[in-house]
């Protein structure tokens, strides 16, 4: 009554919604009969209390408790609270699972939800049940964990009505076990367990009005586990198959799925013999009128069923047999009867359905036709046959169909169990019970009676288990145990199964000859009516009875009970079927000898650890007949008792499935149907039992943390337990309302709500006080701001007024001044106007007078000028006349005087003397003229020459002119044409002129209009200008916009470029990740192989006698063998030859084909080698021809070389003789055992082969020594006939003083040169001999190979039992191996020669320098006298070269001390980082220096295998894995740094470059080491994850880093991990300490900084992913305060990154999803703006994750508000276009692809010292 105060919320009954929420408008006082309530829809209501019971309405839980994971966490435990909590979780939060104490309530969503993936399974695996949100996986994990922990068998009991999702829940539980445990064998038992579902669904499930895939039988599946808790097998038991469905279906229902699947697949060729058709063609499949299910393809389902059958080992023949029987049942249903009279019937002759049935079943038509219409009656004395009526025949036909189907069902279940059975001994099991829930329909019959009887038994077991747990809890906490009154359904069970109970009376009535349903009903009334309160009789019926079950009253109709209990089948019909020719059909009826229920699928005996044998046991006929008479009810009761025994022997886990509505609408909640099912499945009974005790339980620390606000400071003691006791005594006066346990406080129902009310009131009062203080402070601040503002306004106003007055004074003074100056201006202007007018008048007057005076002067001046010009003209005319007269007189006189002179000259000319005088000068002139003529002749010749030249020029010019003329003529013709055109154009011009005149006239007319148009145009132009200005503005805006768009486009292009770059990086990372995942898978398979190999060695204890071989490279990576194909194959062949093969192996055809292919390849290689030898021979011949031209050498040297050649030839002959002996030994075919391994010939062959190889090595060494000496001496003393040599000699000559010494030195050099040339010639001849021998050897081998091939082809045609075949097989294999070996040795020698040539060049240069230095110090006499011999030059001692030398036999000791037994901690602390890597590389350098490829290969292989062994042995130790990851990377970097490749030598010193590898290219081994490093890195990540995973959830989520922020909410029976830091609880500091430990260890080991960054990034990803995944699966963690805690924890991690200088490692980015989830918990979630902000903020979260967080968001305090459903819908609408993964959880197992950037070492190898502590004294420095 204290809680029924103003504003308290209560629940009142409602006929539609079952319960409605209301709020009190007035305090309740004891005695009030009416409550004033306000409903949620806004109406007021007067609620009248029941005067009899005076029960008050149920109180509503505080909003903070609504939506809890566990219903027992509710303070008020009653029906409306449970219903409301389920509805809120289902509708608002889309959560289908809820705990109710030990029960998991599952509501069918009728929608596929993404909560069953493998990521969810991994998230729930290993978690405590209370720590995660409710889920079927949590129940399965709890069962699995308890099985492993308690070593006790478990059971999961799944119940509910049809359509509630029982089968799916059981299926998911089995999938969880299959995924988590894995299979103990390679047979994939878990796949078979899951594959049994499609088969059982097809033959046992059907469509009903409530469910499209309803299970019409109960089943109990036992999943067996071995000692390591891996699945080894399974066993299935079935209960109460609904056989009546085979022959009858209600409206809108179907028969079993398998019939429709058969009809849908009838057109398949293998099904044509079944003669099936449409489902509507058969009586047994068309009754429901609904042959199709929406969204289901029966043909595809048939394919799935057949695949499942194949997977479970049911052969194709058996499958077709099953389908024949099923098709026969369908055809049997179409058999019709015709009545002859009331007591007899017949079947039409050759009735087609019966004919098909008999053909399919392999039985006689006449016999089956007879017994379908007759029956045999046996009496004590005789047996006679009686015809039956049509109705009886129809019932008998249906009974036969049901019986056949039931037997087939049993047979299939038996075969499924056989397929799931395991030969391995079962250690424990988990049973999954998928059984029908409590059922009540309008018409309830025998099936519903059995179902409800089973549920009564299960409910009783459930109640006992609940009380057992309660009792254990109370006893554990040592609180008084009080008996709780609860509904005991034992009376109801007794009513059904006790002596003279319902089943007993039913069996008795079935034994009566004339027993009927009516007589049985009367017996029931007589026995139980008015004697048992649970049994009632309907008022209006005498053929029904009512039983009060634990869930509800159910009325059963008696009609059909006896028939269904008897399950009568005529024995004669069964005999006909047993006599079938179809072998499978009699098998179905063989188990009649065993006590098997017709409605049970397997033996009724208990089958827990073993399955029933396939063959039946033989029994006595009498016993068989007796047991065959067991009724259905009796057998069901027995099987139910066995099931209860099994369940009682296990630890049960309960799943109650609820159907939310009858229309299969997704996420639609019908309160009426839900309440009905909650009552039926016992959930409300569980709630009632919990409410009767102490349902609310708190630990002392949690209680103190939650209700610390109700305590005063003086109440807080150091002892938390005593503090809680003191406070509770003050808060709750009634001590019966709570009890103090050892670790917990127990509260009665409602007490937590009362405490929550007190806490809320206290917090509300504190809030009011805080609000009051803050509001007062805000108002005071506001008043002070207003006062300050008023003073400021006043100051500004007064200043403004003063400024206005000053302005007025200034204006007055200014006006006076302006007036003064204006008046002065007016007077002055008037004066100036008058003065100007006077001056103008004066000027005009004076101008007039001046102009008159000027005109007068001008006229006088012009008159004077005229006079002057007239007088001058008259004087000139007089002078001209006088001059003309004078000149004429002078002419006349001179003419007269000339005439007189002419006469005198004529007279003188006639005289002789005149001529003489003239001739005197003529001679001289002639001579002169003669000279002139000669000169002119010369000039003429010159001119003639010039003329001829000019003529030539002229001719050319004329030709040019002619061509020009022709061109001009052409142009003239064109001009004529043009003139014609001109004439036409002129005519056109004339026309145009006429047109022009017309145009002018028109122009005048147009011009008149133009003026008017111009005006209009001007106006239009003005308008256009205005528009133009507007357009310019728009243009500018468009230009601006275009510029912006261009910028945007560039930005988008840049963004696209960046995105494409990122995408390419992502693709690269994906490829790298894929490769590393494959590598990880390879390493896993390799470990698996090693484990199997060890197991095999353990199984086989006796070692084989003979030679033992350790295959050191067996477990290494395949790429290790790719170091060089020659080396790998060469190593492989001797190993194969060493293996003892005493047993004769039969001919392997695949081996023969491979060998034949290899032989053809070898022939091709031989041909290539032959060509190469020919080419070398030609080169040798050419060089020989050149050498013959040189002078002969001295005799002594020729003798030496000839002796050497003879020795080589003798050795060559010896080798040929040995080879011929080998051929003879091999050619003996009469005794094949001679050539077998281990035979004398075989041993001789092996000894000779080894001797040949040794001789070959000796010869190779001799050749190398001779060649090195030749090359060194040749390079030391070069010929002196070149220009460069002459210049060098001249320089030497200048240094020498004595010319005689120069000559002697020159002669000595010449002699030495000759000697070297002779040696070279002899060496080439020896090479020719060797090449010839090799060619002969190759040819002989080729012939031998061809001969062996022919023999092999002939022998293959012989019978396989011939003895010689095995010997030939051995011989061919051995010879082929030898051939391969020889060829590979040749190839290896060629490669070795090429490499040695490179080395010899280097050594020859050094030797040449030394010899030149010695030659300068030797006297000429010594050069001449001393004979020159090949001499080994001693090498001076040099500094340490950074190499380590060890013996071959010490390799295992090196690997053992340096890798296998090395302790990383001591090395990391005391020695330089990466020391083992440096030592190993220096050993590799020495082997490379020696050119020992076997040593290099052996050392690298042993190193890699040893590292793998160490990691396999101590792979869970972080220091070990980190140490070897660091050393492997350093070893890899050393191989790169000293490889000699330019890309890796950039950062080397000159000294380091000298230490580069010279002989071997280890690039492929670098790849192997890189793969090994990747494997170690992945192992390191797994170790990190295993260490961090237990800390993450506790430290990041549960622990309160900021104390007092996160309030602890009340929890239910499933207690969660405490968020209060206990001694064993991990905190954030634990995580940081662990991170520091990891980082310090990696730094001590000298790991590359880039690799450390990648490890840290991976660690942070694991932390973020696991934290986010747990946040998404825990409703209690999704609150505002928890978001703040997470952000604080993340900030601490970021601070750690800053301290370690790792902010650029990318680790912070991996936490971005977690940061955004924390921000999402803290931001406002109300308006559309908030939704937009959330969508833009949470870009690292997927849509599913955002919606999940919003759905899970739960206020911790009442002051927070929940997220509305509409807001979540808004978020979903805004995010619908986002393309992201639908996956809910992050992949916590994801490993980022690792890279190993090259990091060269600055450490000089020659400075490294080997400490004595490593025990490597057998290694010496070189």
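A Cβ is built for glycine as well, from the same backbone N, Cα and C atoms used for every other residue.
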Among 640-662, 663-685, 686-708, 709-731, TrEMBL lists region 'Actin-binding' at 640-662
I'm validating the feature mapping. Which of 563-595, 596-628, 761-793 is tagged region 'Disordered' in TrEMBL? 596-628
Quick one, of the binding-site residues 162, 167, which Cβ has the fewest other Cβ within 10 Å? 162
Most isolated by CB count within 10 A, of the binding-site residues 163, 165, is 163
Identify, in sequence order, the residues in the chain of residue 164 (ATP binding site) that are 6 or more apart from it along the sequence and have a CB within less than 8 Å of its CB; answer 'none' if there are none. 106, 108, 437, 657, 658, 659, 677
Using the Cβ centroid of 160, 161, 162, 163, 164, 165, 166, 167 as the reference point for the ATP site, which residues of the same chain not in that list have Cβ within 8 Å? 108, 211, 214, 215, 437, 657, 659
Mean predicted confidence [pLDDT] for the domain 'Dilute' (1501-1777): 86
Counting only residues 6+ apart in the same chain, whose Cβ is under 8 Å from the Cβ of residue 161 (ATP binding site)? 210, 436, 437, 438, 439, 657, 659, 677, 680
CB neighbours within 10 A of residue 160 (ATP binding site), counting all protein chains shown, number 27
